[in-house]
Amino acid sequence: VLVIAPAATSSYDDLAVAILMVDQKKITEVHVLLVNPHTGATLDEKKVKLQWDNKFIAFTKLQVTPKEVEKWKEDFVRLMVKWDGGQHMEIDIPLTSRRGLVFAQTDQPIYTPNNDVNIRLFPVTRQLNPILSSLVVDIMNPDGVVVDRIEKNAFEVEKVMELRPFHVPAITSLGDWKIVSWMKDKPQFNYTSGFKVEEYVLPTFDVSITSEQPYLHVYDKAFTIHIKAMHIYGKPVMGRAYVRYGVKHQSKRTLLSTSSALARFEQGEAMHTLRQKHILEQYPDPKLLLGQSLYVEASVISSDAGEIENSILDDIPIVASPYSIKSKWTVPFFKPGVPYIYKVLVLNPDGSPASGVPIKVSFSFDSSGNWITQKRKTMDNGIAMQTINTARNSKKLNIKVQTEDERLEQSQQAEASFTIASYSSPSGSFIHLNAHREVKSPGEHIVFDVFIKSAAKDHVLHFNYLMISNGKIHNFLQEGRKGDTTSVSLLLTPELVPQFRLVAFFILPSGELVADSIIIDVKDSCHAKLSLDVAGGKRLFSPRDNVNFDLSGESDSWVAVGVVDKAAYVLDKKNKLTANKVYKAMEASDLGCSVGSGKTGPLVFRDAGLAIMAKEISGMDDVKDPGCPNGHTRRKRELVLEIAIEKASTYPAELRKCCRDAAIESPLRLSCEERTKHIHDEGEGCQETFLECCKHVEEELLIAMEEEDEDLGRSQGEDFMIQESQVVIRSHFPESFMWEIIKLSRSAENGKSRITKKMPDSITTWDIQAVEVSQSKGLCVGPSLELTVFKQFFLKVHTPYALKQYEQVELRVVIYNYMNQDVKGEIQVKCGDGICTDAEQNEPLKSRFAVEKNSATSFSFMVVPLSSSDSSVSVLARVFGSDVHDAVEKDLRVMPEGNYEEMSRSWSVQPRRHGGQQVIVVDNETPQNVVPGTEMSAFLSAQGNLVAETIQNTLKGSKISNLLRLPRGCGEQNMMYTSITVMVARYLNRSDQWNKMGDPQLKKRSFDFITSGFASQLTYRKPDYSYAAWLHRASSTWLTAFVAKVFSQARQLVFIPVSEICGSVRWLMRKQDKDGSFLESKPVVHLNMMGQVTGKVVLTSFVFIALLEARESCINEVEGFTVVVEKAHGYLTSQAMNGLEDFPLAITAYALSLWKVSDGAAKVTMHTLKTSGLQTEELIHWGSNKGKAAAVESTAYGLLAAIQHEEGEIAEKATNWLSQSATFGGYFQSTQDTVMALQALTGFESCQSRMKKMDLSFKIRAEENGVFDKEFQITNDNAFVQKPFKVPVHGQLTVTASGTGQGILTFVKKYREKVVIKKDCKGFSLEITTNLDNQVKQRRRQSINPEFNVYRFIGCFRYLRNQEPGMVVMDISLPTGFEAKKKDLDDMKNLVDNYIVQYEIRPGRVFLYLDKVNKDEKNCVGFRLNQVFESNLVLPVTATVFEYYEPDFRCSKSYHPKMEVNPDASCHGNICNCLQRHCVELKGMADEDRNADRNGNACRAEYVFIIGVTKVTKTASYININAALKTVLKKGMDQAINVGARRSFVIPMHCGKNLNVSPGDIYLVMGMHNAHWRNSDRTQYVLTSDTWFEKFPLESVCRLPSPPASCQVSENFKGCSLKG
């Protein structure tokens, strides 16, 4: 009996067994069993009968269940056969618990930070049938660190699993992220896909660079490239390319300085050639370039729109010999006397196939020395085939291959030698398979020829055939022999996709097994039917067309659909789920050792991935153990299991599992050494075996992968245009849509469904993909369907990120005409309210255009926002004489002038301390320099929990960055944001108060935010688990401790690998000094807070606290942990008695109290702390001599220490002080004080009784414009969720609180502050200059964009404080229409003379970080400002320098690009008219003709004054008129006004050009109350177009003997006849 089975199997697959009776003389019953090798118990069994009816062959399947396998520890199952009473055979089949595959799909291939990634998973068997399995998914950043873990439980109805979205953090690692998924019950087998994270905008067109050869020979005279630029919608780009070449060595790039050139496009294509002279000028000896690479950059500028897209062709090898020769596709054995087809693969240096290369093939047999030479050329796939007629008695075939490229010298040609052995047969018999080359599809027949050579061939009446695919035998059949050559036709079934091995064999009467095998490719196709198409087959649509998608698939299947803008795939397409990826994964299940044949008949089976056993057949000793021999690399990509099985066989049985498990990849990506430390109870020798096998697998897999990487109109006049009412405006431009799963039920007609979708407005090509999962037919990834949304005539509107009020900015429209005729027409621009254009009043802006066919033109227009409200622009272009048109609407974001500011104050509310009723008076004055016309708001917020405001704003989306107004660009800043959320989430968890927050999803979102923060922080982690403010700087002990502390706290809430925490702990332990203190090599914290002498105490306390927080996670993971902690405690104890300053004292007191409250040093330190604080009856705080931020942090540590020591009175007083120090929203001055204050306050709240009585009543009263009254109550139920009340922005507020409990009252006023020429500076001086950069301007005009200027910004500051500075930040606002040149910022950061350590670009702003500041001289930064939009009337903007940890120390200055424009020509035409329409009009000298109008206005106006001008000043944007009131005829809302009072009247700068107001002038001013704002006695009035502004004569003039008529007018004017 001959038994054939796969060389390995899975506990989740059936085991197919083929059985043949060698001696076909009698009917025999064969009993086939699967046996537990440990107990001998039968797992499954079948009985088959071999007889004449079935040609004495049988094919059966057995199954072993995963639950049974889990009961024993062996890595194999025993296959046993019994027949004829007592005869039996058995063989051990290696067993894997691999269950199947998991494929992942994302809704886009690339994302920007702060976006959501939608993920689908498709868990299937190796045969692609759906699996019901719970899954675990790790999201891994580019550094290989798991930043989020998502678990998804299986449900019967879900064949496609959609995960919750993964939120990419706002600050994170850019690059390639991984999605690592595995089935929950099989964590040892994981599957990887991915997505990319970059800061990008979708390209408007695709630029690709190709070279005529994929390498540069070191002596090449020329190197030619081809550049292709195509719009995403398929049309060629017209324009030019700026081409640059350079040399890359490792990561360093060197530009070939004389190689830059312009290349012009024709029909979207351009060509350029690099000449050898350009290289020799910089590298006279080309041989020095060997081993380096060439790169090519191309910036393509479209001539129509001026848009720029870039591309790079990278890593072009510079070589002396450009080719390599491989023979991996060659069958390793030949049959003597049968033509042998030798395949050679020639590769380029980049691994791509080298086509058209002449080669010389020489061969000889045995040791004859007689070489026969033939010449060939490689095909497109790099393969050249040579047929060699072999000699009948040859044992060895020698082959030499050499390239014959005529461009190369002989020494530069590639060559290789190979030896092919003959098939070995004792009788000289063999069988040879030859398949017809055409690749067939499932359902078709494959035809192949079988050739036999044997002296005993008359005894061979039939051949036996096995078809093996994906590690399984799919068919076993027998066909009769028809002479020396037999043609056989076999039906291809879907199970054989993508390829199968065909084994043919016969058995001679002598017992010799003769066999051959080949690999046959099957055309990739799905078993399941899936079709997604558009009804009618249409591929071209217009925006907003309804598209009917016809979906056809299997009944009861699930189809996942997604649509992506093809522009996204221009940026990254490697992670797209394709059918090819699925089939490649299936190929990995192949168990074969070679591409076919074998040394002997039995070895043919082994090399085909089969295990065989037979008693009657000779040569079986070679195959008694299944699997490939040493030295043979399998074609599959997943080789780990086989390597481990082979290695495990060299160990005793009790250690084989230790070795085998080493092959299973750790989900946490731990090293072999780290994994070994987790082995504890597996017996003696297991750790050593595991480590040795783990390293062996890594080395062998690396070798194997290296080998595998060798693979490869007509015109009807201008009187007709489409009516505007018929126009559809395009305004919806998503990157992806239609992320849906569609169920095809049995009730659907033949598995069909029609889906109707409206296409978005984008002019682009959409890539539409459908993936089907059928219960019966498995997974099918359908081909992409591309639909182009296009108009032959369309617009593209270019707008800046934001406009600023009163600034004049150019907007540009590009008109594309892809029709086959030139067109003329009209373009019409309408802007929303509050936008001035060059149009007539209440009319759209119109202009005519002419565009040639297949061309484009641009149209520009100026806009000026008059208000700070967002608006929109709508552009319509219509062609004369036709209905051809397009319209686009875009939002215009308008930012008010000035900077956002807020002022706030908090009060502790404790009525019981005030006799049961507490009265709080809130000053509500308007700050100086408020921008006129901007909204101002004031709020009062009262809550019954000291940290409620912080919790609300942290967890409910009120952005911390806005409240704190600090940048976040380094590792410490990022941790601050994460740690705040950790603090409040821990508090709500401990106090079980999530249900009181009023949002059931809040807990989940909070945990997601923490996970996202963890991911962001890993951006700053080094390989040794230490952290630095920036990766290129030295690691910081303090920051690493901060991270370890927060991660330890966060681990109680979300998944964070212990290895991350303990890795940092190990690094910290190495920073401990002999005396127990800790050393800091790169300070991050504010040095002033640490003190000159006590800095070591502060740092040691901080690290000590972090280690205690991490104790639970690391005490058993980190060797020596306890010793280090005890040494640190000893050091702090010795220093506690040394008269520490407030901050070191407070942090030391808290650190010692964490160790043990009863400790003597802890008690003494706490006593000292109590007596040193600044106390009142209700408050206590520490550290005020070091600034507000230091005082907050010191008091926070003092409060934490008091809580530990149960010092209730001290804790309550410290809590009161901290509560009153918070800003609106619950935040403080900077990062660390906010973090520690919040930890302390939540700690205080946590230790209060959960059942404490809360019943506070509040009454708010304001007397302004009548009476404002508001009453509300706070109880335990709403202590967290009380919202702020909006209160009047003017006038004193009185708040009366009564009842029981303790709360906090916060007042905040928000407003826009004018940019002033000079502001008060504290701790810094600052100088700003901006000048036109003529040299840069000239270069830009030669290359990229000639229209706009370039300016150079220089900012210099001096540090004026008498102490060492900490980190300094420069916050630089950019003028509208300008952007910072990124290369200059990179140079400031990266060059050896670096000025900054990091920068951060935000819309309209740049943050620069300096950690090296010279106290004794100026510190300067500088970069170029590129003008990207034309702007006139540009307003000044502000640059500010401040200390990061003490932001009160700052200096701000305004600056302005020195524009080359005439100030008198800053506006023109109707823009000026539009601006003036909103301006106050000076009526001139009083005149009797205006009497009626004057009196009518006096009756309508709410205030009527006659003023005398005392002073006129100008700011950046306004004229301020200070005046004394000479007559008050109507007071309006300003009831406190009287004659002689002083008031200010404000006019926008662009309105004051022709007013000529001077001190001493007298004016009549009448207007409405909504145009003024007040600040105590400094009420200011904004003069607008609704204001009556008339000049009155001077009193001295009216006393003249003959006064002018205007004097009579002024004397007679008494206002409205109705008294005001």
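For all residues, glycine too, the Cβ spot is worked out from N, Cα and C.
Cβ-based neighbour count (10 Å, all protein chains) for C628 (disulfide bond) stands at 20. Residues annotated as disulfide bond in Swiss-Prot, with similarity to another entry given as evidence: C593-C628 (among others).
In the three-state DSSP assignment, the secondary structure recorded for C686 (disulfide bond) is helix. With a 10 A radius on its CB, C686 (disulfide bond) counts 19 other CB atoms from all the protein chains. Positions annotated as disulfide bond by Swiss-Prot: C658-C686 (among others).
Taken from Swiss-Prot, the feature disulfide bond applies to C659-C693 (among others). In the three-state DSSP scheme, C659 (disulfide bond) is classed as helix.
Look at Swiss-Prot and you will find C672-C694 (among others) tagged as disulfide bond, backed by similarity to another entry. A helical conformation is recorded for C672 (disulfide bond) in the three-state DSSP classification.
Note: C836 (disulfide bond) has non-local neighbours V863, V864, P865, L866, I1471, C1474, L1475, i.e. same-chain residues 6+ apart with C-beta under 8 A of its own C-beta. For C836-C1474 (among others), the entry in Swiss-Prot reads disulfide bond.
What Swiss-Prot records for C1062-C1114 (among others) is disulfide bond. Residue density at C1062 (disulfide bond): 22 other Cβ atoms are found within 10 A of its Cβ, drawing on all protein chains shown.
According to Swiss-Prot, the feature disulfide bond maps to C1321-C1451 (among others), an assignment based on similarity to another entry. In sequence order, R1450, C1451, S1452 are the residues of the chain that are 6 or more apart from C1321 (disulfide bond) and have a CB within less than 8 Å of its CB.
The number of other CB atoms found within 10 A of the CB of C1356 (disulfide bond), across every protein chain shown, is 16. DSSP gives C1356 (disulfide bond) a strand state. Annotated disulfide bond per Swiss-Prot: C1356-C1420 (among others), in sequence order.
In the three-state DSSP reading, C1472 (disulfide bond) counts as helix. The disulfide bond annotation in Swiss-Prot covers C1467-C1472 (among others) and rests on similarity to another entry.
Secondary structure at C1551 (disulfide bond), as computed by DSSP, is helix. Taking a C-beta cut-off of under 8 Å and a sequence gap of six or more, C1551 (disulfide bond) has these contacts in its own chain: L1475, Q1476, H1478, C1479, V1480, I1519, L1583. Annotated disulfide bond per Swiss-Prot: C1479-C1551 (among others), in sequence order, evidence recorded as similarity to another entry.
The Cβ neighbour count for C1616 (disulfide bond), using a 10 Å radius and every protein chain shown, is 18. The annotation disulfide bond is assigned in Swiss-Prot to C1499-C1616 (among others) on the grounds of similarity to another entry.
According to Swiss-Prot, the feature disulfide bond maps to C1598-C1607 (among others), an assignment based on similarity to another entry. According to DSSP, C1607 (disulfide bond) sits within a helical segment.
Taken together, the residues in the domain 'Anaphylatoxin-like' (658-694) have a mean pLDDT of 67 on the 0 to 100 scale. Taken from Swiss-Prot, the feature domain 'Anaphylatoxin-like' covers 658-694.
Swiss-Prot lists 1479-1616 with the feature domain 'NTR', giving sequence analysis as the kind of evidence.
What Swiss-Prot records for 1406-1416 is region 'Properdin-binding'.
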* Structure fact -> A correct count of other C-beta atoms within 10 Å of the C-beta of C1420 (disulfide bond) gives 11
* C628 (disulfide bond): secondary structure state under DSSP, collapsed to three categories -> coil
* Asked: Counting other CB atoms within 10 A of each CB, which of the disulfide-bonded residues C658, C659, C693, C694, C1472 comes out lowest?
  -> C1472
* To do: In three-state terms from DSSP, label C593 (disulfide bond) for me.
  => coil
* Asked: C672, C1479: which of these disulfide-bonded residues has the sparsest Cβ neighbourhood within 10 Å?
  -> C672
* Asked: Reported as an integer number of Å, what is the Cα distance between C1356 (disulfide bond) and C1472 (disulfide bond)?
  -> 37
* Structure fact -> C659 (disulfide bond) to C1472 (disulfide bond), Cα to Cα, whole Å, comes out at 83
* Helix, strand and coil counts within the region 'Properdin-binding' (1406-1416) (DSSP) -> 0 helix, 5 strand, 6 coil
* Counting distance between Cα atoms, which of the disulfide-bonded residues C658, C693, C1062, C1420, C1598 is nearest C672 (disulfide bond)? -> C693
